[in-house]
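Some notes on the structure that comes next.
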Amino acid sequence: MKINRLELAAYGHFTNHSLDFTSATPGLHVVYGPNEAGKSTALRAIRALLYGIEARTADNFQHEYNKLLVGGVLQNRDGRELHFWRRKRNVGDLLDRDHQAIDQRILDEFLHGIEEPLFNSLFGIDHETLISGGKAILEQQGDVGQALFSAGVGLASLHGIIARLEQEGADLFKSGGSKPELNKAIKRHAELKSEMRNLCLAGSEWKKRRLALDELSGQLAETEQANQGVRTELERLQRLQRALPHMGKRDALREICATLVDVANLPIDFAARVPQALENHNAAAKCRQDALSRRERLEQRVAECLIRQDILDQAESIDALHKQLGMVHQARRDRPGLLADQLQLRTEAETLLAQAAPALSLDHRDEIKNLLAQRQTIHSLGNRFAGLDAAVVQTQRQFQETTAALENVESALAQLPETPNLEGLATAVSLAQKAGDLDSQLRKLDKDARLLMESASADITRIGLWTGEPENLVDYSLPASESIDRFVDRFKELADGAKANTSQRKVLQEELDRVRRDVAVIEQTGQVVTEGDLLQRRAHRDQGWQLIRGVWLEGKDQDENIMVYAGDLGLPAAFEAGMQAADDAADHLRLAAERVHQYVAKRAEASRLEDQLERLGEEAVRMEDEKVRLDAQWLELWAPLGLRPRTPREMRTWLEQCLESRRKFLEARKTITEKTPILSQRRSLLDRLAHELGRMNCPHPESGEELAPLLTFAEQYLTSCKTLQDQAVSLQKDRVRLAKDQIRAGKNLEGCRRNIADWQQNWSEALSGFGLSSETTPDAAAGILEALSTCLTKINQADQYTRRIVDIDAYFEQFESSTIALIGSITAPELEGLPMDQAVVKLQSLLTQANSQKTVFEKLRADLESLEEEIRQARITLENTEDQLAELQRVSKAESNEMLRETGQRFEQFLAARSELERHEQTLLEIAEGISLDELDRQRTEVDPDALPGRIDALRKRIAEELEPRIRELSEQKGEARNELQRMDGSDAAAAKESEIQIALSGVRRLAERYTRVRLAALLLKQEIERYRRRHQGPILAIASRYFAALTLNSFPGLRSDIDDKGRPVLVGVCADGSVKTVAEMSFGTRDQLYLALRLATLEWRLESHEPMPFIADDILINFDDHRTMATLNALADLGRSNQVILFTHHGWVVDTVQKMNMPGKTNDHAHGDVRIHHLNSTTA
């Protein structure tokens, strides 16, 4: 699809403005407009045209929302066009060219399933996307799959997406971990379930409710079973009620079939065969009678026919004479003209003969022929004379010219100087030329080394920290980036851990303060007796009882223990007080169970929080110690360089920049090293050239250390010497050739003169027979021969006319004799007295009449034979039908045809009754629903049909008024009992805990689903990237290589896939010298061009199997220099031959570059060709 026209009727600050993109090919269209001219508005208008105006568009500052209107013309690859408008509406926003609403599906046929997000990413690119794409290729470390897939779907980077998915998965869950969210949620759910098990209750009341629920369940099951039995009986009676009418009809039909049992065994087609056989018999009889009548009439017509056989026997002779009649008439008309022509030809022949040979007459025909026999000889000699004469002139001129040229060559050879041996100098010059421009190479190496050193020094100075000489940094060992990354990660872990620790301690402290306040509130409301207090008081009571038993029952001495236990109260009073205290504690604990439970829980929670705070405090101290050690290790890492490092994250950036500067220093040193062999080679070539020039005694200028001046001089001197040598060799060859040509020209001249003398003798001999002298010219002799030839021709023509006249007279005589003989051979009185020609015409008429009569006779005979066959066939058919009727009478035992017809009708009644019986039986089978018809008959005998409706109504009433209400009542009671049992299955705390468990389980499920989606997304994305790489790597890289070579001005003639040290396929650029560079070794601009090449290649490859879509680029040439801008425009124009490209820009130099391109595009909107420029400005907006 391509856009042929964009109509900005009312959009942004445009009013009735249009952009015409029509061209023979899809083409490259450059839309130029300065700032505020509406470039961005036009770009948004294209998307609005294809996919609708945004709900909250900002392009309504001049036109109201309901007035916004854009239009366009789209064209598919098959030539179909769509002219439509788009207005600002939620529904019905598409209009045809006449502003009538159209269906969205019409536009969808041109969009080919491309949704707006995919169109923006795959068929759109701007400067930010281009830069992001280049950076992404570097972040992906040149991974082939990610680079191709990113370009294929129009994404700037996949590396960030994959990294974010993997990081999100790690933050959600980690095997054996405790910090990820899903790990925490699973642990919390397990803790809550453990607490729930401790809160479940059991008791006699619960058992009672359980038994009541079971009893209700049993009653409900019994009632439902009874209801099912009644419904089964109801369905049986209803089935019988529906079947009774069909069973009655079935019985009646069975009786009918029984009365027709005598025809039951007839063939199934008997009813159809009887009328057909009777009809065929009557038809055959009628056909035979009609044929006999027609035969009688034909025999009478045959007898009346009369044929003139004598005329028919002479048919060929009559036809021949009739054909000759025309020639006879024509000969009579031709004879007078032939006599006149004969006389004229003889007169003309006599005149010609008198001019050419006066001594001869027309009767001397043989003498004329003898003279004409010399015509070929005379013509040959005449033609040869002109060639011989021209040959003499030409050979004489060639001899003179060759002699003069030979003299000139010998003079030039005498004037040429001698040349020395040039082999040594030629070898020296060739070696110097093969070495290339060594002076430029050395200057370039010096310049490159200087620029690298200056750039590296500037970079070192800019990034700071290093205090020594910049170039000395090369000699120091820098920390590995992996080490810095470990410090970055470790410092981040410690910072995150400290932050989390502080946050957790804050939360725990607030929680602990809240719990302590709750404990204080409970304590302020009165003394709280705990289970521990109860156990302690019971132990005190039991101790008193043991003392009483020991004193009273066993008689032991317990005075000391009694004093400790009872004090001044005495043992009885102390035991009574202890018992009372234990009973009071038990009563208090029973009456305030919930308050006690809350108090114990709060105390336990406070203890747990204090333990957690203590652990967090210890962890904070440990992390602080770890940070001190890590700081020391960080300083130790940079100690060899003598600098104080910044933060690890800053130092990672510093190291990257430092490594780049270090690479420049090393490359500069390498460049300087590369100069040494080149300098040695140049010195060697200089010495050799100087030696060879000196050997040839050729003074030459001093060139210093540069090779080019001396090489140029040697080349010029060698060229001049070779020129002289070539001239001498050429002149020598010319002298030999001209000497041979001079000898050859002399011989040719002598031969031509001999040929002229021989011709003169032959010419005299040829003219002697005509009485002409040898001085007669060939032209005059040719004229005399021509006159004799014409004369002889006219004599021959006159003789032909004479013979023709004689033949005509003989033809007349033969025609008359043949006619008379033919008339005498037949009996035809009507021919007597007629002239010959009229008699022939009358004979032809009589022959035509005789032929006509014969044709009629033969047709009658043929009709008669055909009719005989028809009579025979009718007789056979009649016999067959009689046999068929006899067979039908035998089968049905009918004695006549009338009885046979009656039997057929009774058989039809039998078939109809049997068919109706089968239909009713099928209906009964459907009603019976699997019950046999015999069982249905048996059930019919057991019921009274009149009482059947009453029984059905009674069953329906029992179900509706007794069973179903009872089932509903029992179901409600069972539901209430179940709910009561569930309410008793634990305390309020258990219910609250169950709610917490469900919330926690919901959180686990939500996190697990999120983790599954994230991991699957990352896995599927990687698999799709690899599948895309395997399927498209070959063709897309081949196309991308071509674009990349063009965009980089052949700095990188191609791209290819390589394998890195981890075994992954990576993208590398092939340099001009055959070496390769990874994406990390490419410049920022080159990586941007690599991403653009991949995008263009993907679009071109997509054209093999998809409809093209416009490729829209927005100011992508901002950072390109003039040469690469030209190269990029050429690449876009190349793509534009098969896919429309629209380039938006507000830079005038881009338009200037387009104007300089070697293409037919001009700076107006009416250009023809692959490249067109469209202008936007404030006057058109």
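Placed from the backbone N, Cα and C atoms, the Cβ positions cover glycine too.
Unlike curated entries, TrEMBL annotations are predicted automatically.
Looking at 73-100, 213-240, 661-688, the stretch flagged in TrEMBL as coiled coil turns out to be 213-240. As annotated in TrEMBL, coiled coil covers the listed stretch 599-633 rather than the other ranges in 4-38, 389-423, 599-633. Annotated range for coiled coil in TrEMBL, selecting from 274-301, 358-385, 498-525: 498-525. Sequence-distant contacts of the coiled coil (498-525) (same chain, six or more residues past either end, CB-CB distance under 8 Å): 595, 598-599, 602-603, 605-606, 609-610, 612-613, 616-617, 619-620, 623-624, 627.
Taken as a whole, the coiled coil (213-240) shows an average pLDDT of 84 in this prediction.
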